[in-house]
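These notes concern the structure reproduced below.
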Amino acid sequence: METIQSYLNQHDPEVAAVLDAESIRQKSTLSLIPSENYTSMAVRLALASSFTNKYAEGYPYFWENGERSMQKNGRYYRGQANTNDIERLAIERALKLFTPNPQAYHANVQPLSGSPANLAVLHAFLKPGDTFLGLSLDYGGHLTHGHRVNITGASYRAVSYRLNADYELDYDEIRELARLHSPKLIICGATAYPLQIDFQRLGEIAREAGALLVADIAHICGLCVTGHHPHPFPHADLVTTTTHKMLRGPRAGLILCKKELGPAIDQAVFPGLQGGPHMNTVAAMAIAFREAMSEDYKMYAGQIVRNAKTLAEVLQAEGFSLMGGRTENHLLLLDIVHSDNGLAAKDGHWLSIRWERAGLIANKNAVPGDKKPWYPSGMRLGTPAVTTLGMKEVEMRQVGDWIVRATRGADNDAELERIRVEIASMMERFAPRQFV
Ligand SMILES: *Cc1c(COP(=O)(O)O)cnc(C)c1O
């Protein structure tokens, strides 16, 4: 990394200075954003590889009678010997990592991120105006699950389901809505849901309604593939995920589906939605998939959950109110406005700025009933990134203590500065150079 940095310094000092500053920021503050992580050096190097120079529109195979003819070159331009090899490898590894039976499933590794992956799925099976069900953004759903400001809500008829009063998925309501609206597709999964998802039950509801079930496991994919959360297959017809959150790969998206849906998915990604795939990213994905098959990764996933539970316990003991009352995965959603512990904050926007002063990087989040998304009442915390650094239960108790102090002392600049110094000092022990 030293040589790369000095090369950049000579080549373009202006940009190098910003890259350096970001590296220092990541090394000295605590990332509690549940969708962030640190990639391995191997993933970083693949991203910087010569594949970034190559166009590879098309696929490294043709569909013939429902099967991929892997020996045939389906690219539009020449010079594809190596792009074909790397994409075939990425697909093979994705199927091995994510599906119960690689022969019966298909993987498309070309989506540029999670949002394009979801849009491609809708584009593959719905016409503009067709109905689908998704979790409301106000209750932890993703923008691409049909929010009105998103193209998925603008182009399709999106019907939102919500959570019950205990902040749990309300499967009876989903079934009712499915009966009432006959959607073509039901999408499940969330960005801010601390509890487990019952994919089996959702699969039954979808089949009863004649709808496809899409499980968007962007946040929890690492728990699903290591047995720390129920797996969406075989209940879901399709699975979408990002590869840069819990999976620790490059910033990208991935679609997995039953094999018979493969041709429609491929067509929807390219030429339906995208042009050339980012082959450097595909190479980095292949590396991340292999890393996620290791024993180390399995232990990592277990520790993520134990760390989240520990943090939840510490904060609950201090009177913080947790949406759902607990966590069963990698994230916690705190209601920091209505917490009954004398630590009530003005709003999540304000508190997240104050926490950042202390070196605690987290994100504000809407909770049910919030009217202003820019000034929500919640804060979302997650443990995937700190767990990658090697932090365990002991450190989570320390982090919980900092959160309490930074909330109680949110108006007190001197206290925030003291916490910032303490965090920077802990990060010196935990942020190995290769990560940032
Ligand atoms: C993060 C996320 C996405 C979108 O990913 P981007 O890569 O940011 O486009 C989609 N769905 C869910 C549930 C997510 O959490």
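The backbone N, Cα and C atoms fix where each Cβ goes, and this holds for glycine too.
Marked as domain 'Serine hydroxymethyltransferase-like' by TrEMBL: 8-403.
Leu137 ((6S)-5,6,7,8-tetrahydrofolate binding site) has a Cβ environment of 23 other Cβ atoms inside 10 Å. Marked as (6S)-5,6,7,8-tetrahydrofolate binding site by TrEMBL: Leu137, Gly141, His142, Leu143.
Annotated site 'Plays an important role in substrate specificity' per TrEMBL: His244, in sequence order. Long-range C-beta contacts of His244 (site 'Plays an important role in substrate specificity'), restricted to its own chain and to partners at least six residues apart, with a cutoff below 8 Å, comprise Asn37, Thr39, Pro250, Arg251, Ala252.
Non-local neighbourhood of Lys245 (N6-(pyridoxal phosphate)lysine): Pro34, Ser35, Glu36, Asn37, Ala218, His219, Cys221, Pro384, each in the same chain, at least six residues away, with C-beta under 8 Å from its C-beta. Under DSSP, Lys245 (N6-(pyridoxal phosphate)lysine) is assigned to coil, being neither helix nor strand in the three-state scheme. Annotation source TrEMBL lists N6-(pyridoxal phosphate)lysine at Lys245.
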| task | Starting from the Cβ of Gly141 ((6S)-5,6,7,8-tetrahydrofolate binding site), draw a 10 Å sphere and report how many other Cβ atoms land inside it. | result | 26
| query | Where's the emptiest Cβ shell within 10 Å among the binding-site residues His142, Leu143? | reply | Leu143
| request: Tell me which recorded positions (Leu137, Leu143, His244) have a Cβ under 6 A from ligand 1; sequence order is fine. | output: none
